[in-house]
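Comments concern the structure below.
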C-alpha cells in the first residue's frame with residue numbers, strides 16, 4: 001500500500017481551504033459533512049461558496065493566503081490553480097505537521113482524498129493512490145448502485161442494540177453469527193423498506209427469545225422484459241438473498257443467472273392451456289414456504305401488477321399474515337416499445353396508450369372494441385399471439401383502418417429480439433406464415449411508423465407489407 005487508509009475525526013475542529021472556486025466548494029462540502037469548522041481564504045469565490053458564507057456555514061477571508069493562516073489548523077486543503085501558491089501551502093503545512101492535500105498534485109500531499117460512498121455511519125473510501133482518480137470514481141459509482149441508502153439506518157439500529165448483544169452472547173462467534181443473521185435477513189429488509197419500528201421490535205424480540213417461529217417473507221419481484229440491465233437495484237438485491245425462487249416462463253435466462261447461486265429454484269411457468277402449477281397452488285406454496293421461515297422471491301417477467309396476477313398472490317399472503325413486499329418491474333410494453341424505437345405516445349400520432357390482455361379469464365376476448373378502434377391512440381396487446389385473427393377482425397369491424405401499422409416484438413430487449421412490421425389487415429397472414437414465438441408483444445397505432453426513423457437497438461425490421 002502506498003497510503004494507509006484512516007478516518008480522521010474533524011468534528012468541531014478548525015480546517016482550512018485555500019481557494020474559492022468550484023473544486024474548493026466540493027472539498028468544503030466534504031469537510032462540513034464531517035462537521036469540521038471551515039475557514040476559506042481566497043481573493044474571490046464562486047457563487048456556491050458565497051452562498052455558504054451568506055448562510056454562515058463557513059468563515060470566509062477575502063484576501064491572499066498568508067503564512068500565519070496555517071496556525072491552529074488540524075487539516076488543510078489547497079484548491080487553487082496557482083502552482084506556486086499550492087507548493088507554499090504544502091510546505092508550510094508539512095513544516096507544522098498538519099495533514100495537507102493539494103488538488104491534482106499527489107507529490108505535494110501528505111494525505112489524499114478518496115472517492116466516498118456515504119451511508120453514514122457506514123463509509124466506504126476508494127482510492128487509486130492518485131494514479132487513476134477517474135477509475136476510483138467509476139468504482140464508487142458501481143458501489144453506489146448496489147448498496148441501499150438505508151444501510152446507514154441499519155448500522156444505527158445495530159448500534160442501539162450493541163450493548164444488549166454483548167451482554168447476551170459471551171462468545172465472539174455467537175455475536176458474529178447473530179449479527180450475520182440480522183444483517184442478511186428479514187429485519188434488515190424491513191429497515192430497507194422504511195419499517196424501522198417493526199425492525200426494532202423484531203430485533204428486541206429476537207434478543208428476548210420471544211419469537212417462537214420466525215416467519216419468512218415473500219418478495220414479489222418484477223423481472224422486467226428480459227434485459228437484466230433493466231432490473232431495479234431492489235429487485236437484484238432481493239433476488240440475491242432469497243432462499244427460494246419461484247419463477248415464470250417469461251423470466252429470461254440472463255435474469256435468472258443473477259439469482260442467488262444456492263437458492264432453490266421452482267419453475268411455475270404458464271403457457272396457453274398448459275399451466276405447470278395451477279395459480280391456486282402457487283399462492284399456497286408461497287404461504288407454506290414463508291411459514292417455514294424462508295425468504296421467497298416470486299420472480300415474474302415484466303411488472304407483477306400488469307397482467308401478472310401479482311394481486312391474487314399477495315391477497316393470499318395478506319390473508320395468511322405473511323410479510324411481503326412488491327418490487328415493480330419495467331413492463332413489456334415499455335421495454336419492448338423502447339427497444340424497438342416505437343414511442344407509445346407522440347404529439348403527432350398518439351395522445352393515449354392502452355394495455356390490453358389477449359388472454360382473458362374465461363378464454364374469451366370480450367373487449368370494448370369500439371373504444372380500442374378510435375384514432376390517435378396506441379394499443380398494446382399482451383399474450384395475444386394466438387388471437388390475432390380475431391382481434392384484427394374486431395378492430396376492422398369497429399372502423400379501425402385496415403392499413404393501420406402494427407408491430408410484433410418477439411423476445412423484446414434481448415439479443416434475440418425480432419420486430420415484424422405489418423398492417424392490421426395483414427397481421428393474421430404474417431403470424432401464419434412466419435415462425436413467431438412467445439413472448440411476443442403486439443403494438444398497434446400510427447406510432448409504429450416511427451420505428452424506421454427511431455430504431456436504435458436491432459437490425460432492420462422484418463416486413464410483410466403488401
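Note that Cβ sites are derived from N, Cα and C of the backbone, with glycine treated the same way.
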* Let me know which member of 239, 383, 400, 404 Swiss-Prot also records as binding S-adenosyl-L-methionine at the site of 225, 301, 302, 303, 306, 331, 332, 412. => 383
* residue 248 (active site, proton acceptor) in three-state DSSP notation -> coil
* **Most Cβ neighbours inside 10 Å, all chains, among the recorded positions 43, 270** => 270
* In which DSSP state, out of helix, strand and coil, do we find residue 44 (NAD(+) binding site)? -> coil
* Give me the Cα-Cα distance between residue 22 (NAD(+) binding site) and residue 128 (phosphoserine), rounded to a whole Å. => 23
* Give me the non-local Cβ neighbours of residue 332 (S-adenosyl-L-methionine binding site): same chain, 6+ apart in sequence, Cβ-Cβ under 8 Å, ordered along the sequence. => 225, 301, 302, 382, 412, 439, 441
* **S-adenosyl-L-methionine site shell beyond 225, 301, 302, 303, 306, 331, 332, 383, 412, criterion: Cβ within 8 Å of Cβ centroid** => 224, 250, 307, 308, 329, 330, 333, 335, 336, 382, 439, 441
* To do: Sorry to bug you, but what's the C-alpha spacing from residue 23 (NAD(+) binding site) to residue 306 (S-adenosyl-L-methionine binding site), rounded to the closest Å?
  => 47
